[in-house]
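Data first, discussion second: the structure below is written as C-alpha cells.
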Amino acid sequence: MAKEVRFSEDARTRMQAGIDKLADAVKTTIGPKGRNVVLEQSYGTPTITNDGVTIAKAVELDDHYENMGAKLVTEAASKTNDVAGDGTTTATVLTQAIVNEGLKNVTAGANPVGIRSGIEKATAAAVAGLNKNSHEVEDSSSIQQIASISAANEEIGKLIADAMEKVGHDGVITIEESKGIETELDVVEGMQFDRGYMSQYFVTDNDKMETNLDNPYLLITDQKIGNIQDILPVLQSVVEQGRSLLIIADDITGEALPTLVLNKLRGTFNVAAVKAPGFGDRRKAQLQDIAILTGATVVTEDLGLQLKDVTIDQLGQANRVTITKDKTTIVEGKGDKTALADRIKSIRQEIDSTTSDFDREKLQERLAKLAGGVAVVRVGAATETELKEKKYRIEDALNATRAAVEEGFVAGGGTAFVNIIPEVKKVADSLQGDVATGARIVLRALEEPLRQIVENAGLEGSVIAQRAKSEKPEVGFNAATGEWVNMIDAGIVDPTKVTRSALQNAASVSAMILTTEAVVAELPKKDAPAAPNAGGMPGMM
C-alpha cells in the first residue's frame with residue numbers, strides 16, 4: 001500500500017484538526033453541568049454517555065492525519081483511565097490546551113525540543129504542588145463526596161461509600177446489571193486473585209475486555225495441562241450439562257491451549273483458563289482456599305489424583321466468575337459453609353501463631369480474600385440505554401474513590417490546578433528562551449479545566465478563572481450553584497491520583513505531538529472507475 005508523507009507545519013496542522021474534533025466532543029461532558037454524547041453502535045440502540053474515554057475511543061475520523069491526532073489524545077485519556085480509572089475528560093482538555101498553545105509558538109519559530117523541556121519541568125513542579133496540597137481520606141463521608149462528584153449523583157456516592165464500608169478499602173467491589181429498575185448493594189461470599197486470562201480469545205465482553213462466566217464449573221489443579229486428552233472426559237461432562245468451565249492450572253502448554261481457544265471460538269463450549277495464583281507452598285494453600293470456597297477438590301499429585309481421572313463431582317461451582325487481563329473474581333462460590341468457616345478459623349490461628357511478619361502479611365491477605373466477601377452493586381434502570389449510562393457512571397465513581405483512598409484528594413472543579421499556578425510560575429520565571437515558553441504553556445493550560453467547567457455551566461470562563469487566581473487556596477467556583485465556596489468544606493473534591501495522572505499524561509502526549517516533524521499515512525483509496533455503458537443490445541427477431 002502506497003504511503004503519503006507530510007512534513008512540519010502541514011503535518012502538525014492536520015493532526016491538530018483531529019485533536020480539536022475529538023476534544024471538542026469530549027470536553028462538553030466536564031463538570032456538574034456537562035452534557036452527554038450519543039454514540040452510534042454497529043447494532044442495537046445508541047449509547048448515551050458522559051465518560052471521556054468511551055467517547056474518545058468511539059471517534060474514528062475519515063482523514064488519516066486527523067485520525068492520528070485524535071488517536072494520540074485518546075492515548076492520554078486511556079492511560080489516565082488505566083492508571084487512575086477516571087479523569088479522562090480532564091486529560092483531554094489539558095492535552096488540547098497544551099497542543100494548541102504549543103503549536104502557535106512552534107509555528108512562530110520556537111524550537112519544539114526547548115518547548116518540550118519546559119513542559120516537562122513545569123509538569124514536575126505542578127505534580128509536586130498537587131501532592132503537597134493533597135488531603136488523606138479519613139472517613140466514609142470523604143468517600144461518599146468523591147464518588148458523588150465523579151458520578152454526578154449523590155445516591156451513587158452513598159452506595160459506593162456503603163460498599164467500601166462493608167468490604168473495606170481494599171475489598172472487592174463488582175458491578176453487575178440488575179433485572180429490576182432499582183440499583184442495590186449486595187455483599188456475597190467471593191474472592192479475587194491476581195491472575196488474568198491466558199488468552200484474550202477467552203474474552204466474552206469485547207468493550208471491557210472481560211470474560212464473564214455465569215454459573216460455571218471450576219477445575220482446580222497445581223499440575224501443567226499439556227495434552228487435551230487428559231481433561232477430555234471432564235470437558236465432555238461439562239458440555240453435556242450445558243455449563244461453562246473455568247480452568248485454574250499451573251500452566252496450559254502444547255496443543256491444549258490452542259484446542260481450548262478453538263473450541264471456545266467455534267461455540268463448542270464456553271471455557272476460560274487462568275494460571276494458579278501464588279508460588280510454591282503458598283500456591284497450594286491459595287488453591288485449597290479457592291477449592292473450599294467453590295466446593296472443588298484440588299487435583300494434585302500430593303493426593304494421588306490425575307487429571308485424566310477427574311469427575312464432574314470434583315469440580316467447584318460459583319454463581320459468577322469475571323476475568324480481566326490481570327485479575328480473576330469469583331462471586332458466590334457454592335462450597336460448604338461449615339468447611340469455609342473452619343478454613344477461616346484455621347488461617348486466623350496461623351496468623352496468631354506465626355513469628356514472621358512476611359508470613360503474617362500473606363496470611364492476612366488470604367483471610368481478607370476469604371472472609372471479606374465481594375460487594376456486588378446491581379445496577380437497575382428503566383431502559384437499556386439508561387442502564388449502560390448509569391453503569392459507566394458507577395464504574396468511574398468506584399475508580400475515582402479507589403484512587404482517592406490510595407493518594408488522597410485535592411480541591412475539585414479545576415481549583416487544584418489554579419492553586420498550583422504560583423509554584424509553576426516560579427519555575428517558568430527561572431527558565432530562559434524556548435524552555436521558559438514551554439513552562440508558560442503549561443501555566444496557561446492549568447486554567448483550562450476550570451474555564452471549560454464554567455463554560456459548560458453557561459458562564460464566562462475567562463472571568464471566573466481570573467478571579468479564582470486571586471482567591472484563597474481551596475476556594476473555588478461551584479458551577480452547580482454559581483457560588484464561591486471552600487471546595488474541601490463543600491465536599492467538591494477530586495482524587496489526587498486522577499488529577500496528577502491527567503496532567504502527566506496530557507503533558508507527555510502533547511510534548512510528543514509538538515516535536516513531530518513528519519507524519520506518514522496511507523494514501524486514500526481511489527474509487528474504481530465505473531464500467532463503461534455498453535449501449536443498447538441489438539433487437540432480436
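Cβ coordinates are placed from backbone N, Cα and C, and glycine is handled just like the others.
What Swiss-Prot says about this protein:
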type    : residues                                                                  : note
BINDING : T29, I30, G31, P32, D86, G87, T88, T89, T90, G413, N478, A479, A480, D494 : ATP binding site
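Feature map: Swiss-Prot annotations on the structure.
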| residue | record | Cβ neighbours (10 Å) |
| --- | --- | --- |
| T29 | ATP binding site | 22 |
| G31 | ATP binding site | 24 |
| D86 | ATP binding site | 34 |
| T88 | ATP binding site | 31 |
| T90 | ATP binding site | 30 |
| N478 | ATP binding site | 19 |
| A480 | ATP binding site | 16 |
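Binding-site extent for ATP: residues T29, I30, G31, P32, D86, G87, T88, T89, T90, G413, N478, A479, A480, D494, maximum pairwise Cα distance 21 Å (rounded to the nearest whole number).
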